[in-house]
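Asker: Sharing a structure, written as structure tokens. Questions coming.
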Amino acid sequence: MMGGGRRHLIPTSVYDREERNQRGRRTDGRNLLDEWVHDKKTRDLNAEYVWNKAQFDKVDPKHTDYLLGVFGYSHLDFEVDRNKGPTGEPSLSEMTVKAIQILRKNPHGFFLMVEAGRIDHAHHHNNGRRALEEVVALDETVQSALNITSATDTLFVLTAAHSHVFTLGGDNTPRGHPVTGFDTEISDLDGKPYTTLLYGNGPGYAHTTPTGRQDLTGFNTQDINFVQQAA
């Protein structure tokens with residue numbers, strides 16, 4: 001099991017291992033990380049608990065049957081923001097491959113669920129660029145999993161938890177045009193430029209002025225932090 005959310009696994013009396021000024025959120029006094037490690041040691045199982053990429057990279061799947069990796073105090077970082085160094089986080093692809101390498105040792109087979117949950121988070125922020133970068137990371141993850149499994153005995157099911165009001169529109173967006181850029185025409189409703197990517201609702205609606213929709217002239221719409229406009 002790998003992901004983020006250490007704050008929900010340690011009590012309010014304990015400081016986080018990496019975010020030294022942050023305490024846990026549990027009010028029941030339980031430290032689920034310590035409990036997990038203690039349980040595996042008591043039963044003399046081949047288990048590892050890791051919380052950064054350096055430790056993760058050292059995990060040998062051949063000698064590990066249980067792996068708990070909790071790499072963030074809160075959510076994992078978006079892929080474009082991820083610290084790829086020793087103190088950072090493994091990628092979704094790396095976590096998936098490691099999980100498969102451990103689970104496939106079971107002669108009876110295995111079930112693995114992988115969630116690219118940050119796609120959803122970026123959409124909630126109307127941050128189309130980060131959302132699309134997360135989709136690319138998921139695509140790479142699926143390909144990595146396909147590369148180390150066999151189609152004869154492995155079933156892949158890809159689905160979405162729900163949709164978003166994320167639109168790719170415009171009659172004047174030619175092939176090869178940056179998807180995060182402007183449409184090639186000006187709106188005939190307000191005489192202002194508009195982006196190819198838009199949202200039906202969300203925080204992008206706040207970008208309005210007393211005279212209507214914000215004029216995006218001069219904005220770098222391809223910036224990773226750019227927030228698309230919303231209806």
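Cβ atoms here come from the backbone N, Cα and C positions, even for glycine.
TrEMBL annotations: computationally assigned, not manually curated.
These figures come from a predicted structure and were not determined experimentally.
Feature annotation from TrEMBL assigns region 'Disordered' to 1-26. The compositional bias 'Basic and acidic residues' feature in TrEMBL is assigned to 15-26. TrEMBL lists GLU115 with the feature Mg(2+) binding site. Summarising the annotation, TrEMBL assigns Zn(2+) binding site to ASP120, HIS124, HIS162.
Please situate the listed features within the shown structure.
Answerer: For the region 'Disordered' (1-26), DSSP puts the residue distribution at 3 helix, 6 strand, 17 coil.
If you look at the compositional bias 'Basic and acidic residues' (15-26), the same-chain residues 6 or more away from its ends with a CB under 8 A from one of its CBs are 6-9, 32, 51-52, 73, 87.
Long-range neighbours of GLU115 (Mg(2+) binding site) (same chain, six or more residues apart, CB within less than 8 Å of its CB): none. Taken residue by residue with DSSP, GLU115 (Mg(2+) binding site) is part of neither helix nor strand, so it is coil.
Taking the Cβ of HIS162 (Zn(2+) binding site) as centre and 10 Å as the limit, one finds 6 other Cβ atoms among all the protein chains shown.
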Asker: Using DSSP reduced to three states, classify ASP120 (Zn(2+) binding site) as helix, strand or coil.
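Answerer: Where ASP120 (Zn(2+) binding site) sits, the three-state DSSP reduction gives helix.
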